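K.L.:
So Swiss-Prot lists the following for this protein:
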- Arg291: active site (ACT_SITE)
- Lys116, Glu200, His235: ATP binding site (BINDING)
- 1-445: domain 'Biotin carboxylation' (DOMAIN)
- 120-316: domain 'ATP-grasp' (DOMAIN)
Amino acid sequence: MFSKILVANRGEIAIRVMRACRELGIKSVAVYSEADKNALFTRYADEAYEIGKPAPSQSYLRIDRILEVAEKAGAEAIHPGYGFLAENPRLGEECEKQGIKLIGPKGSVIEAMGDKITSKKLMKKAGVPVIPGTDQGVSDPDEAARIADSIGYPVIIKASAGGGGIGMRAVYEEDELIRAMESTQSVAASAFGDPTVYIEKYLERPRHIEFQVMADESGNVIHLADRECSIQRRHQKLIEEAPSPIMTPELRERMGSAAVKAAEYIGYENAGTVEFLYSNGDFYFLEMNTRIQVEHPITEVITGVDLVKEQIRVASGEELRFTQKDINIRGHAIECRINAENPLADFAPNPGKITGYRSPGGIGVRVDSGVYMNYEIPPFYDSMISKLIVWGMDRQEAINRMKRALSEYIILGVKTTIPFHKAIMRNEAFRRGELHTHFVDEYRRGIDAEMRKIVKEDQEMVERLQSTFLPSKKVAAISAAIGTYMHSRRG
């Protein structure tokens, strides 16, 4: 087992990994940018080192600086979290050169699955269902028109190197095709440095269902059931739940077997997620995320498996401690991503200072966060404030518990997505489990109307509770005391 791990990330996921390290008796090392010098994760770590200016390109994406710190601190392994360098194959290559273990799959696997065309070809060879379309890049408009005609409109044009919903464009008629191709190629070149695009059949109302997989270095692979991620905006997830409301034992067997087959075929190691689109009884491979996912806590809650600790164990050379038969699902879990965004302004980012903060609690409630009262949310990174996770004996109890937890969650000073989540929990179609990836767009008018009502209700509640928030001088004193405590823990 490792004695010291460097966490090459920030915010809540950095703290999440550090907690796992602490439970395993492993020292943790934080790296941080100038903008994060007062961030909670830097104080939670046993050691912390500044690595550059606020821009990710000058800090969290600096492989050279991160490896310098790893060597200086004596870290034997690096956990990349999610985002930043988590799916950059070069990090693994550089770690290998320095004799440092990257907690994740091999660089060649990251590279193969990070390219949508390559991954689709591999999945076809593995016998995993894929969406009808091309399995090579398309640049000629005439060829694109022939392909679109053969598979039938609507089609979707995707960037081969894309991810996070960036570089995707649906096309409903041939007249739109050339313009859509040019636009997608331009976005792909700008965002990913690769203008290659491909074409697939566009599924208009699919569900987004993914399977968590875990594999060790001896070739043992299992799945830890499914997650439903259909509540999205601009192809980016907002709410996840486990298991999927439509999942049956038979469907889980089929989809889970396909996910395991995918991981086995590419020689996968560590934690990963195989994502599918589900439509009219059929499912199709979408992509594989070669890292821990933002939404991993809901899988932990329903299975009782600490995925991050298992990542560390597997990376240290241990075999999986359980088989597929050992994985049992208990109850239902929901996760709401609490972002510093204005949901009534098309989810525009809203960084700033948190002037009031009270997180929810009670049975079946978990908050993964990296913020605190008077914390300044920097504008340079993802807008996530926290992840609110609840568990219930069944889906209905989980929804009601989430409603209660959201009603307790108070964040002042910045606009957040809390009103959006409250509106979704009240939505009858959501409560019935009638989900698809265009749910938010379809019910937008009703959701917006409900949010406006909620914002007014929340404002009245906050005014009544203002006295519960401590004066800033007392907060500063408490923060200093917490800082002293955290530093004393490093000894």
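Placement of Cβ uses the backbone N, Cα and C atoms for every residue, glycine included.
Quick caveat, the model's predicted, so the values are computed rather than measured.
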K.L.:
Compute the average pLDDT of the predicted model within the domain 'Biotin carboxylation' (1-445).
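P.N.:
For the domain 'Biotin carboxylation' (1-445), the model's average pLDDT rounds to 96.
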K.L.:
For the ATP binding site, please report the maximum Cα-Cα distance among Lys116, Glu200, His235 in Å.
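P.N.:
The ATP-binding residues span at most 16 Å between Cα atoms.
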K.L.:
Please report the distance from the Cα of Lys116 (ATP binding site) to the Cα of Arg291 (active site), rounded to the nearest angstrom.
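P.N.:
The Cα atom of Lys116 (ATP binding site) is 16 Å away from the Cα atom of Arg291 (active site).
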K.L.:
Would you count the other C-beta atoms found within 10 angstroms of the C-beta of Arg291 (active site) for me?
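P.N.:
Around Arg291 (active site), other Cβ atoms within 10 Å: 25.
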K.L.:
Using all protein chains shown, find which of the binding-site residues Lys116, His235 scores highest when you count other CB atoms within 10 A of its CB.
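P.N.:
It comes out as Lys116.
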K.L.:
So around the ATP site, Lys116, Glu200, His235 aside, which residues have their CB within 8 A of the centroid of those CB atoms?
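P.N.:
For the ATP site, the extra neighbours are Ile156, Lys158, Ala159, Gly162, Met168, Leu286, Glu287.
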K.L.:
I want to verify one value. Collapsing DSSP to three states, which class is Glu200 (ATP binding site)?
P.N.:
strand
K.L.:
What are the sequence-distant neighbours of Glu200 (ATP binding site), meaning same chain, six or more residues apart, C-beta distance under 8 angstroms?
P.N.:
Ile131, Pro132, Gly133, Thr134, Ile151, Val155, Ile156, Lys158
K.L.:
Could you measure between Arg291 (active site) and His235 (ATP binding site) for me? Cα positions, answer in whole angstrom.
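P.N.:
About 19 Å separates the two Cα atoms.
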